[in-house]
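Sequence annotations record features per position, and here Swiss-Prot assigns domain 'ADF-H' to 4-153. Swiss-Prot lists Lys13, Lys73, Lys144 with the feature N6-acetyllysine. Residues or ranges marked as phosphotyrosine by Swiss-Prot: Tyr68, Tyr82, Tyr140. The SUMO2 cross-link annotation in Swiss-Prot covers Lys132, and the record cites similarity to another entry as its basis.
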Amino acid sequence: MASGVAVSDGVIKVFNDMKVRKSSTPEEVKKRKKAVLFCLSEDKKNIILEEGKEILVGDVGQTVDDPYTTFVKMLPDKDCRYALYDATYETKESKKEDLVFIFWAPENAPLKSKMIYASSKDAIKKKLTGIKHELQANCYEEVKDRCTLAEKLGGSAVISLEGKPL
């Protein structure tokens, strides 16, 4: 079921900026987004970038010690969100980076919010082409342990996430 909610151009631009890893100056790399949250506009007609809810690559190691833990803390406990997380992980063979689409629908969110977000998920996923990994979570227990994300990225082959061993 489609909800009629549109995806704003800003969301698509952020996604394309995160997806394309072109050679950049160190200053440009620091400004790349590591994680972002998307929410519904106040009139519930558009999916937009949530202001102030992002982690920049340049923040990691400076103001952000563990980007994954910081990201989990950004998720609201009483409302739904969509998120993009640029995961850096290691398998037994190599180091990898992949974008993960996350649908956050906590149990404490209002039913109407859960319904709108659930029915709009396909609209945003169609615009974010090339996403290999998706995670849906309904409580902090499901996301606070980095093993849940590692499982989505490659299961037992993943040995570390964000430089932290599993």
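Keep in mind that glycine also has a Cβ here, set from the backbone N, Cα and C atoms.
Overlay of Swiss-Prot feature records on the structure.
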| residue | record | CB count, 10 Å |
| --- | --- | --- |
| Lys13 | N6-acetyllysine | 11 |
| Tyr68 | phosphotyrosine | 24 |
| Lys73 | N6-acetyllysine | 10 |
| Tyr82 | phosphotyrosine | 24 |
| Lys132 | SUMO2 cross-link | 10 |
| Tyr140 | phosphotyrosine | 14 |
| Lys144 | N6-acetyllysine | 15 |
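Mapped onto three states, the DSSP output places Tyr82 (phosphotyrosine) in strand. The Cα of Lys132 (SUMO2 cross-link) lies closest to that of Tyr82, out of the modified residues Lys13, Tyr68, Tyr82, Tyr140, Lys144. Nearest by CA distance to Lys73 (N6-acetyllysine), out of the modified residues Lys13, Tyr82, Tyr140, is Tyr140.
According to DSSP, Tyr140 (phosphotyrosine) sits within a helical segment. Distance between Cα atoms for Tyr140 (phosphotyrosine) and Tyr82 (phosphotyrosine): 15 Å, as a whole number. In the three-state DSSP scheme, the residue listed as 'SUMO2 cross-link' falls into the coil class.
Between the CA atoms of Lys144 (N6-acetyllysine) and Lys13 (N6-acetyllysine) there is a gap of 28 Å, rounded to the nearest whole number. Cα to Cα, Tyr82 (phosphotyrosine) and Lys13 (N6-acetyllysine) are separated by 15 Å. Straight-line distance linking the Cα atoms of Tyr68 (phosphotyrosine) and Lys13 (N6-acetyllysine), rounded to a whole number, equals 23 Å.
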